[in-house]
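Notes for the one structure printed next.
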Amino acid sequence: MSSFRSHCPHLDSVGEITKEDLIQKSHGSCQDCKVRGPNLWACLENRCSYVGCGESQVDHSTIHSQETKHYLTVNLTTLRVWCYACSKEVFLDRKLGTQPSLPHVKPLHQIQENGVQDFKIPSNTTLKTPLVAVFDDLDIEVEEEDELKARGLTGLKNIGNTCYMNAALQALSNCPPLTQFFLDCGGLARTDKKPAICKSYLKLMTELWHKSRPGSVVPTTLFQGIKTVNPTFRGYSQQDAQEFLRCLMDLLHEELKEQVMEVEEDPQTIMTEETMEEDKSQSDVDFQSCESCSSSDKAENENGSRSFSEDNNETTMLIQDDENNSEMSKDWQKEKMCNKINKVHSEGELDKDRDSVSETADLNNQETVKVQIHSRASEYITDVHLNDLSTPQILPSNEGVNPRLSASPPKSGNLWPGLPPTHKKVQSALSPKRKKQHKKYRSVISDIFDGTIISSVQCLTCDRVSVTLETFQDLSLPIPGKEDLAKLHSSSHPTSIVKAGSCGEAYAPQGWIAFFMEYVKRFVVSCVPSWFWGPVVTLQDCLAAFFARDELKGDNMYSCEKCKKLRNGVKFCKVQKFPEILCIHLKRFRHELMFSTKISTHVSFPLEGLDLQPFLAKDSPVQIVTYDLLSVICHHGTASSGHYIAYCRNNLNNLWYEFDDQSVTEVSESTVQNAEAYVLFYRKSSEEAQKERRRISNLLNIMEPSLLQFYISRQWLNKFKTFAEPGPISNNDFLCIHGGVPPRKAGYIEDLVLMLPQNIWDNLYSRYGGGPAVNHLYICHTCQIEAEKIEKRRKTELEIFIRLNRAFQEEDSPATFYCISMQWFREWESFVKGKDGDPPGPIDNTKIAVTKCGNVILRQGADSGQISEETWNFLQSIYGGGPEVILRPPVVHVDPDAVQAEEKIEVETRSL
């Protein structure tokens, strides 16, 4: 576990040893009890050749350490090293470039003075980096028996009505892809952002899953950090576990996200829309993202890499595809109701839209499909020709830009000769470009939890289809009532359509009488056998209700942009991409103005084999649609008070445990199935992926001599170990666009890469593809020069701004003020202070400006700041943009005669 790496003072006592020595010893037996492997331990003390058994037997290796004071020992199966004196795992590293001449005879370690090398960028751009033994991270399924019994069963203490947090943390902790990332790639939990939630979460996971774990821990640091950012969780009142999950995952994503730059050609046939204001019709309301599809900016502009092609017949005749689509469409009324019911989620959340980018494009063809891609704060609306659905093209728009407001390009004159040549003038946002760069962000959170939904609305008059892509992190499913179940179960008929606003039993408007009757009904239901009331609600029923098709007619007609009228329509919804871990939220709570209610209906859910094939889009590339349950969060009590617990399956021994704050108890599968589920975590199931991991694990024992060694991303290896579909090998997280290591990552390159033997690389590459192949690590000289230029630019811009602003503050009565958007200024400030690596785009004052009588004035209540004319000219000469928003203080004209009269009166008064 790389997360436990630290300096061990006993490393100096290790003798010289080779892999061949360890392999030979692994075929032997314990020198005391003659027990053979696996899991024998070899002493690493210099000139000591002792081999003993582990805790699964008599544990002679520990006895040997106590008697001889030989503290370091290596497991001959996993090649992990343990220090008895430090009671922790240690790592034996060596430097790059010092490989022996015979690649098949390599020392397992070359000890460094401080355990981990401190990086400085050398002048010859040769990267010296410790090499972590690959065996530390590719022991896929080999674990010691003592670890199987102990790890991951640590409770969490309640620190004041925090059972909601404890249950959520335990549920996440038992999601192997996320937990293994923090345990195996802990060095990547780096952030300069406060309150550094990822570091607190890393510390918590280390405590929960450490071999020497305590009975329970107190998650104080993590909780304090979340309360600092989100005031919803301050105080000691009971909160919602689902809200906490969303907040935590959003924070982790923000701190761990990495930007991926993509360059696209701008087809000249696509024209940018001038404004989005003209499109605020009823269809815009229809496409508002529901709470269940609360997208993060984690995978912004993912449409660039995700195909959602549909052939012409399927797209144009969507309404006729009844047999396969009758239960795979979502009710748009439920979308709006979702937002209303869960409005509380958005009130306490963070500013999640700072990475959102609005893009719009039009193809002026007769038959087009409107594609609307949702982000947190903006919608992506594109008209795509039916024949081009397989390759959607997106173009930046000037959303919200008033065409009457001018945005000036950078001034051509060199107003600031002192600026270095790195201050290249940027192009105006409105100027045409041949190529553009999309800002796309990814993190371990988006890799694991993000999926994509396709919503389609078809006009029944002109057959025009509007397609909406939404990125979801969880699915919020309604719990259907008895009448809704009957409709769902009878929907096999092609024309059977679930009415808008279904699941009325759960979400119909309630008054005080209905509220009282609901409680009476629940009491009666609890006293009468379930067979008396009808069929049991299953998770498949909830999914079918969520994806049910909806007929848009009457008061709920569809505003067709082609017909320019309200028309009858039909809406469908399917999943384009399933996430590796599917988070399902059952909507048990309904919040009204004066009171809240809870739906206590039992929902039956499978522990294994959840089949989501009926809800998958036809053209989806997803191959695995079967899920197994990992954990479930349960709520006991009413809407106003109650208690949260979690049932989790331990990934090491496949047993189920109940996590009730600091109490951890083993339970049966029937106990889990009878639970009142609130949030469920399902993981993709793939026997083929498990076989592939076992095959690669077996190859480690072959030890074929090779002349080349390959470097591979730790993050991708974590995917290979824990994902059902890891995807192509991606080494871009430690490489720049030039193929070298970025200078800023040189200091911790050992946390990013591992060295693979050639036979392992060949097998992985032939199976998954991707790359690029890397045999040599070096610091990129080009990036180093660019980084130095950027740093010099930051320093120069900051110094000039401070000087100009100081002069502006000393002015008594400036004649003019220039207003600047604080949103843009904050981005610029983050850049010059080194918090953001990329400079901001052109100055964008469109949100603070308004045009009246042909003059550009400041919008009332706008988020703006005031700077001097010199400061404006300085920033505008570098970044361009606009428009200019100028404030001129009113000038008071004083009558000279009145002034003389006042002076005369003052003189006479003094004389008296």
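Placed from the backbone N, Cα and C atoms, the Cβ positions cover glycine too.
Feature annotation from Swiss-Prot assigns active site, nucleophile to C163; the stated evidence is sequence analysis. For C163 (active site, nucleophile), the Cβ neighbour count at a 10 Å cut-off comes to 23, with all displayed protein chains included.
Under the heading active site, proton acceptor, Swiss-Prot lists H643, citing sequence analysis as support. Mapped onto three states, the DSSP output places H643 (active site, proton acceptor) in strand.
Summarising the environment of C86 (Zn(2+) 1 binding site), the number of other Cβ atoms within 10 Å of its Cβ, over all protein chains shown, is 16. In the three-state DSSP classification, C86 (Zn(2+) 1 binding site) falls within coil. Under the heading Zn(2+) 1 binding site, Swiss-Prot lists C8, H10, C83, C86.
The annotation Zn(2+) 3 binding site is assigned in Swiss-Prot to C43, C48, H64, H70. Other Cβ atoms within 10 Å of the Cβ of C48 (Zn(2+) 3 binding site) number 15 in total over all chains.
According to Swiss-Prot, the feature domain 'DUSP 2' maps to 788-891.
According to Swiss-Prot, the feature phosphoserine maps to S346 (among others).
Sequence annotations record features per position, and here Swiss-Prot assigns phosphoserine to S408 (among others) based on similarity to another entry.
Summarising the annotation, Swiss-Prot assigns region 'Disordered' to 274-334 (among others).
As annotated by Swiss-Prot, region 'Disordered' applies to 403-433 (among others).
Swiss-Prot lists 6-109 with the feature zinc finger.
Apart from C8, H10, C83, C86, the residues listed for Zn(2+) 1, the same chain places the Cβ atoms of P9, L11, Y71, L72, Y84, A85, K88, V90 within 8 Å of the centroid of those Cβ atoms.
Around the Cβ of C43 (Zn(2+) 3 binding site), the same chain contributes S49, Y50, V51, G52, S61, H64, S65, T68, H70, L72, T73, each under 8 angstroms and 6 or more positions distant in sequence. With DSSP classes pooled into helix, strand and coil, the tally for the domain 'DUSP 2' (788-891) is 45 helix, 24 strand, 35 coil. Taking the mean position of the Cβ atoms of C43, C48, H64, H70 as the Zn(2+) 3 site, the remaining same-chain residues with a Cβ inside 8 Å of that point are L44, E45, Y50, S65, T68, T73. Computed over the domain 'DUSP 2' (788-891), the whole-number mean pLDDT of the model equals 90. Recorded residues C83 (Zn(2+) 1 binding site) and C48 (Zn(2+) 3 binding site) have their alpha carbons 15 Å apart, per Cα-Cα distance. In this structure, the binding-site residues under consideration are H10, H70, and the one with the smallest number of other Cβ atoms within 10 Å of its Cβ is H10. On the backbone, the CA of H643 (active site, proton acceptor) and the CA of C163 (active site, nucleophile) stand 7 Å apart. Taking the Cα atom of each, C48 (Zn(2+) 3 binding site) and C8 (Zn(2+) 1 binding site) are about 19 angstrom apart.
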